[in-house]
Structure formats: C-alpha cells, structure tokens
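Following: one structure in structure tokens, then a few remarks.
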Amino acid sequence: MAIQTSNLGYPRIGLQREWKKTLEAFWSNKINEEQFLTTMKEIRLQHVKVQQEKGIELIPIGDFTYYDHVLDTAYMLGFIPSRFSEFTSYLDVYFAMARGSKDHVASEMTKWFNTNYHYIVPEYEEGLQISLKDNRPLRLYEEAKQELGVDGKPVILGPYTFLKLAKGYTQEQFATILKQLVAPYVQLLSELHAAGAQIIQVDEPIFASLTKEEVQQAKEIYEAIRKEVPNATLLLQTYFDSVEENYEEIITFPVSSIGLDFVHGKEGNLNAISKYGFPADKTLAVGCIDGRNIWRADLDEVLTLFTTLQKQVQTKDLIVQPSCSLLHTPIDKTEETHLSTELFDALAFANQKLEELVLIHSALTQGTESISNELETYRNVHHTIRSSAARNREDVKAARTALKEEDFSRPLPFEKRYELQQVALKLPLLPTTTIGSFPQTTEVRQTRKEWRNGIISNEQYEQFIEKETEKWIRYQEEIGLDVLVHGEFERTDMVEYFGERLAGFSFTKNGWVQSYGSRCVKPPVIYGDVAFINGMTIKETVYAQSLTEKVVKGMLTGPVTILNWSFVRNDIPRKEVSYQIALALRHEIELLESSGIRVIQVDEPALREGMPLKEKDWDAYITWAVQSFLLATSSVANETQIHTHMCYSNFEDIVDAIRALDADVISIETSRSHGEFIDTLKHTTYEKGIGLGVYDIHSPRVPSKDEMYKIVEQSLQVCDPKYFWINPDCGLKTRRTEEVIPALEHMVQAAKDARSLLKTNA
C-alpha cells in the first residue's frame with residue numbers, strides 16, 4: 001500500500017503578513033499593478049517552497065488568492081454581476097466585486113461554513129453566460145512546475161458547493177444552472193489533465209450536510225464530468241464534518257480518491273466505513289490533523305485511527321493530510337518564545353502540522369519505532385498541559401457547580417422591561433446608534449504601539465484615549481445620534497481585548513489568520529480555566545458617560561463569540577468554556593450597571609457560525625449558546641437595557657435562537673446581504689427591539705440618505721416602529737473619519753425623515 005502526505009491548503013497571508021500589506025498598498029495606490037502581481041507571485045511560490053521543504057508530497061496549488069477562493073471561482077466561471085460591467089481589467093472587476101466601488105455595492109460577504117473566515121457570495125443573474133472565463137488553476141499549476149519544479153495538486157472548489165453557496169436563482173432553477181456548470185468544469189479539468197496534473201483536488205464541503213436527493217443530483221453532475229474527462233485523477237474532498245448520512249452513495253462517485261475529515265467528523269465517518277467499507281479501487285485521503293485549531297496532535301490517537309482504518313479499508317493507497325485547509329491556523333509558532341514552556345510546547349501551527357503529517361507518514365511506512373522519541377515527547381507535552389494549575393482552578397469549578405435555574409433569565413418579560421426602559425432612557429421613536437467602534441486611525445494605532453513598546457507612559461496613553469473618546473462623543477452629539485458609544489480606541493480587537501483581561505487566556509505575537517480580504521485577526525488562546533480578574537471596560541465607559549447628557553452604551557463581546565473567535569482548549573467541552581466566559585462577563589456587566597451605565601451591548605456576531613453543519617446537531621449547540629448569553633446578561637435590573645449585535649450570517653436558521661437570547665434590542669447586518677433578513681421577517685414575527693443595519697461599513701463608499709431611508713422603509717413593513725432602531729451594519733473601526741461622519745449624518749437624516757412620515761401617517 002502506497003502512503004503519501006498531502007496538504008489541503010496553506011495560509012495565504014505570509015509569515016509577516018506580507019500578503020495583507022501588499023494588498024493594502026495596491027488598494028491605496030502605493031504600488032502599481034505590476035509591482036502587486038510580482039510581489040504576490042513571490043509570496044505564492046514561497047508558500048509552495050515551504051511545503052516542499054517540509055516534506056509534503058501533494059502540495060496544493062490554486063489555494064492562494066488575492067482576496068477569496070470562492071470569489072476566484074465566481075470570476076473564473078463568469079459569475080460577474082452586471083453592475084460591474086463598466087470595469088474592464090481583471091483586478092478592477094475582481095476587487096469591485098469584493099469591496100464595492102463608488103457607485104456600486106459589493107457582493108455579499110458571509111461566513112465560510114462554521115468558521116470565522118468570510119467568503120464573497122457568488123451572484124447569479126438571468127441571462128448570465130456561464131463559461132470558463134479564466135483557467136487560473138492551470139496558470140498556477142504551470143507556474144509552480146516551471147519556477148520550482150513542483151508537480152503540484154491543483155485545488156478547485158467543486159461545482160455543487162459553489163452553486164449552493166451562490167445566490168440569485170430560484171430553487172426551480174438550481175438543477176438547470178448546475179448542468180450549465182458541467183461544460184466549464186470539463187474544460188478546466190481537461191486542460192489541467194493535459195498539462196500533466198497527476199491529481200486534482202475538488203473541494204465539496206457542502207457534502208457534509210446534503211439530503212439524499214441532493215447527493216444523487218451531485219452524483220449525476222460528476223458522472224457527466226467524468227464522461228467527458230475519463231482520465232483525470234480527481235480527489236473528492238470533504239471536510240468540517242462527516243458524510244455519514246450519505247457515505248454509501250458518495251463512495252460510488254466516479255472519482256479516484258475521496259477525502260474524509262477524521263477530526264471533526266471522526267465518529268460519523270468511522271461508523272460509515274465500519275458499515276459500508278471503502279472501495280478497493282479508490283484512495284482514501286485521511287484528514288487526521290486538526291486544520292482548525294493550534295494544538296499538537298495526539299499522535300497515539302492518530303496512529304490508532306490508522307490501525308482501525310487499515311483493518312477495515314481494503315484500499316490500494318492512503319493519503320495522510322489535515323482535516324481541512326490550514327487557512328484557519330497561524331503559519332509558524334517559532335516566534336512565540338514569550339509563551340510559557342508548557343503552552344509553547346503544546347502548540348502546532350501550520351508548519352508544525354505539516355511536520356506532524358510527515359511524522360505520521362514515517363510511523364506508517366517505517367514503523368512506530370522510527371518516531372519513538374517524538375512519541376515520548378508528545379506524551380509528556382500532553383500530560384504537562386492537562387495537569388497544569390491553569391486548567392484545574394477550584395474557584396471556577398465551584399462557581400459552575402453553584403449555578404441555579406434563575407441565573408439564566410431576566411426577572412420580567414420583554415414588554416414590561418421595555419416600558420420601564422423607555423421611561424428611564426427617554427429615547428425618541430426610531431432611536432439611532434452605532435454598533436460600537438470608531439475609526440482606528442494611523443495615529444491611534446501608532447500611539448498604541450508606542451505605549452506597548454514603552455515609548456510613552458501609561459498616563460500619556462490614557463490621556464490620548466480620553467482625547468479621542470471626547471472628540472468622538474462631540475462628533476456623535478453634533479451628528480445627532482441618540483445612544484452614543486465611547487469608540488473603543490483602547491481596543492485592538494473585540495476578542496483579544498477581553499482575553500487580555502481574563503484569566504485562562506494567552507496571546508501570540510504572530511498568530512494571525514485571515515478573516516476576510518486583507519483583514520487578519522490574531523485569536524486569543526484559551527488554554528486554561530477562564531475567570532474574572534478586574535474591571536475591563538468600566539474606566540473608559542464611565543469617562544465617556546461623564547462627557548454627555550446622552551446615554552452611552554457599555555460595549556462587551558459575548559461569551560459565544562469570544563469562544564468561537566479564539567483557539568480553544570480541547571480537553572473539555574466547548575459548552576463548559578463558554579459558561580466560564582459567561583460568568584466572567586456577568587461580573588463585568590454588574591460593575592457597569594452599578595457605575596451608572598444603563599445600556600449595555602453584548603455582541604454575539606459569531607453565534608451563528610458556531611453551529612454544527614448538520615441540522616440534527618443544531619439544537620444542542622443553540623441551547624448552550626443561548627444559555628451562555630443569558631448567564632452573562634440576566635443579573636441586571638429590568639430598567640437596564642441589554643443590546644446585542646450579529647453580522648454576516650444566515651439568520652433565517654436561528655430566528656428562534658435570536659428570540660431566545662431575550663436581548664432588549666438586537667442589531668443585525670442587513671444592507672450588505674441586500675435585505676435578506678428583511679425577507680426572513682416577512683415570514684415570522686420578531687416582537688423585541690431590533691435594528692436592521694442601513695449601510696455596509698465594509699465598503700469605503702458613503703451611501704446616500706435615500707439608500708438608507710429605503711432600507712428603513714422596507715424594514716418598517718416587517719418591524720414594529722415602537723421597537724425599531726436605526727444603525728449601521730457593523731462597527732466603524734476600519735473606516736476613515738471622512739467616510740464615517742457623512743454616512744452617519746445621512747443615517748440620522750434618514751431616521752428623521754422616517755419619524756416625520758410615521759407622525760404624518762399616525
């Protein structure tokens with residue numbers, strides 16, 4: 001039996017975020033197109049070289065992108081919205097789709113399955129001519145071959161997942177459009193095969209959650225493709241969960257290899273193999289290293305997995321690979337020497353995961369004695385971190401044990417609370433607010449850097465933060481907003497900020513991962529029991545409130561978002577970690593309330609993304625996610641108004657969960673998704689406070705008052721004006737001041753116009 005090492009995808013951003021810096025330099029006209037393309041090529045080839053040097057045999061080609069791999073596929077197949085027809089060059093069209101332009105909104109952006117990566121949603125329009133507009137995978141395959149002598153493994157997004165992720169068609173049209181994808185995929189695969197590609201990875205993560213009818217539909221497409229390209233070696237790759245429910249059918253697909261996730265879908269995939277076996281004429285690609293977390297693998301557990309598989313699988317070959325693309329992990333841990341030895345030793349970033357694949361390959365091909373020293377090291381590392389004091393706090397265990405049913409609910413129902421809050425807050429009809437953050441200018445970032453490097457004192461830094469806060473309180477007053485925010489100038493990241501102030505967290509220096517486009521985040525590491533230490537937001541919020549007679553919101557990140565946007569310890573259930581975070585935030589919320597803050601926002605933008613892919617698993621997740629939010633927020637007085645915020649998700653799946661959060665007001669992204677949530681509310685009622693975002697903050701364009709008014713008008717057709725709020729889609733941290741102020745002025749004017757109309761019609 002031949003055994004090969006493979007990788008599904010490599011982080012794009014570069015060890016020092018060179019990719020991000022190159023993108024942003026190009027967007028700001030600091031480099032020209034030729035310089036941009038040259039630098040991107042250097043980064044792309046460097047990533048291939050690293051994987052080659054680590055000993056990976058099947059190196060992914062085509063996983064590299066200038067923004068997003070789904071957008072790459074949309075452009076390649078001609079899914080280009082007509083509103084961008086004025087643009088002629090590839091990069092102009094491509095980035096207009098991703099970021100919008102002065103006159104046109106960007107394509108929608110949403111979460112990639114249940115990860116914190118965002119993809120650009122492909123748009124189908126009537127009359128669209130689907131064809132292979134650009135065989136980018138072929139160009140990159142030939143580039144790696146010519147420049148480095150690497151016969152790589154082209155990676156493409158499969159036709160079924162691609163179309164399922166797209167929008168703009170009716171369900172009745174789906175089958176017809178799917179058939180139209182056959183010809184361009186045939187051409188794509190034919191050209192790759194003709195160029196010498198030995199194996200082509202076709203990603204179909206959607207296969208983890210399809211109905212039996214959908215799987216049959218997908219199979220027919222693969223049969224049509226195989227008929228035209230009989231000799232191409234295709235690896236059908238699934239990930240993020242098992243394909244247990246449809247495994248029996250999937251293993252009959254006309255492909256040469258099938259990739260399964262034995263980390264996040266281990267139990268289901270093993271059950272399926274035990275029941276149905278695996279085709280002897282296909283290669284099994286075993287996703288055995290976690291591509292979504294940062295912990296060293298349990299090599300003993302992985303080798304036991306292969307022992308089990310080799311007893312049950314009579315395949316000719318095996319491939320050893322990560323569970324999914326390493327896009328979701330930082331690149332290399334070698335710079336993290338500031339961490340404690342027990343934590344550093346327990347980590348494995350992308351490059352270390354590649355090394356683990358090679359270790360496993362050695363054990364499988366040469367026997368476990370060939371890696372006996374490494375096995376002993378791994379066992380010691382796991383024992384040390386498991387038995388550490390940080391993971392065994394008695395106070396945290398006692399607080400969890402003491403929880404009672406009443407800790408998870410507010411004293412009064414929403415309607416009665418809201419009446420009391422209206423009396424206390426004295427807000428107008430259709431109150432206006434923002435989501436929390438204001439522009440993190442070059443000056444803000446530079447001053448923070450100087451403070452962290454010891455160039456300026458704590459006192460100087462605090463004075464600067466107070467100056468920025470006061471400036472933006474005055475801006476908000478002048479604009480005419482009703483509920484103000486302090487601006488979050490002291491925060492680099494909405495999760496990192498809280499993690500730095502809670503026990504149980506640690507932070508990397510260079511643990512960056514891509515969130516969307518050039519936006520990179522550095523997730524905290526939850527390695528121990530989480531506990532409250534001191535007040536985290538009191539000083540800045542109370543200072544902001546002292547500057548104005550208007551209401552200032554306290555701003556916190558919710559427990560489920562902190563959990564989902566962190567790298568989380570894997571020795572206890574995620575539910576338990578979430579409850580620990582919730583208890584710490586509960587303490588902070590009580591401190592804010594006792595300090596006179598009457599509106600407190602607890603953001604949960606990541607609640608939806610944490611949902612399992614399979615609908616049968618949703619209820620269990622939603623139950624503890626909602627309970628975590630309630631645990632954090634339920635100890636305040638009825639007069640204290642709890643807000644929450646969510647963005648970029650398929651909300652129709654979780655309307656009931658949103659309702660169960662029992663937040664007094666929820667703000668939700670609406671404009672970038674082109675009003676889809678408004679459509680959802682046409683079919684259900686939401687009887688609590690709600691603000692549907694009236695403009696997309698991820699685009700530099702300043703929307704007109706009329707655009708925003710139109711969204712307000714549409715929203716009021718499905719929302720009770722008594723409970724309706726007006727706000728942007730999301731925080732304004734990434735925007736420039738000269739974009740923010742006119743946009744908010746337009747928003748306030750739209751609110752005034754809507755109030756006038758409501759009074760006229762009353």
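Note: Cβ is positioned from N, Cα and C throughout, glycine not excepted.
Residues annotated as 5-methyltetrahydropteroyltri-L-glutamate binding site in Swiss-Prot: ARG17, GLU18, TRP19, LYS20, LYS111, ARG519, CYS520, TRP565, GLU609. Swiss-Prot lists ILE435, GLY436, SER437, GLU488, ASP603 with the feature L-homocysteine binding site, giving sequence analysis as the kind of evidence. Taken from Swiss-Prot, the feature L-methionine binding site covers ILE435, GLY436, SER437, GLU488, ASP603, and the record attributes it to sequence analysis. Positions annotated as Zn(2+) binding site by Swiss-Prot, on the basis of sequence analysis: HIS645, CYS647, GLU669, CYS730. As annotated by Swiss-Prot, active site, proton donor applies to HIS698, with the evidence given as sequence analysis.
What surrounds the L-homocysteine site, by Cβ distance within 8 Å of the Cβ centroid and not counting ILE435, GLY436, SER437, GLU488, ASP603, is the set THR434, VAL485, MET494, MET555, GLN601, HIS645, CYS730, GLY731, LYS733 from the same chain. Taking a C-beta cut-off of under 8 Å and a sequence gap of six or more, CYS730 (Zn(2+) binding site) has these contacts in its own chain: ILE435, PRO605, HIS645, CYS647, GLU669, GLY693, ILE697, HIS698. TRP19 (5-methyltetrahydropteroyltri-L-glutamate binding site) falls within a helix when secondary structure is assigned with DSSP. When the alpha carbons of CYS520 (5-methyltetrahydropteroyltri-L-glutamate binding site) and GLY436 (L-homocysteine binding site) are compared, the span between them is 19 angstrom. Within 10 Å of the C-beta of GLY436 (L-homocysteine binding site) we count 26 further C-beta atoms, all protein chains included. The two recorded residues, SER437 (L-homocysteine binding site) and GLU609 (5-methyltetrahydropteroyltri-L-glutamate binding site), show a Cα separation of 22 Å.
Cβ neighbour count for TRP19 (5-methyltetrahydropteroyltri-L-glutamate binding site) (all protein chains, 10 Å cutoff from its Cβ): 24. ASP603 (L-homocysteine binding site) falls within a strand when secondary structure is assigned with DSSP. Its Cβ taken as reference, GLU609 (5-methyltetrahydropteroyltri-L-glutamate binding site) is surrounded by 23 other Cβ atoms within 10 Å in the chains shown. Distance from the CA of GLU609 (5-methyltetrahydropteroyltri-L-glutamate binding site) to the CA of GLU488 (L-homocysteine binding site) is 24 Å.
Across the fold, the C-alpha of GLY436 (L-homocysteine binding site) and the C-alpha of TRP19 (5-methyltetrahydropteroyltri-L-glutamate binding site) stand 28 Å from each other.
The CA atom of LYS111 (5-methyltetrahydropteroyltri-L-glutamate binding site) is located 17 Å away from the CA atom of ASP603 (L-homocysteine binding site). Largest Cα-Cα distance over the residues recorded as binding L-homocysteine, namely ILE435, GLY436, SER437, GLU488, ASP603, equals 13 Å. Across ARG17, GLU18, TRP19, LYS20, LYS111, ARG519, CYS520, TRP565, GLU609, which the record gives as binding 5-methyltetrahydropteroyltri-L-glutamate, the greatest C-alpha separation is 28 Å. Shown in sequence order, TRP512, CYS520 are the residues of the chain, 6+ apart in sequence, with a C-beta less than 8 angstroms from the C-beta of ARG17 (5-methyltetrahydropteroyltri-L-glutamate binding site).
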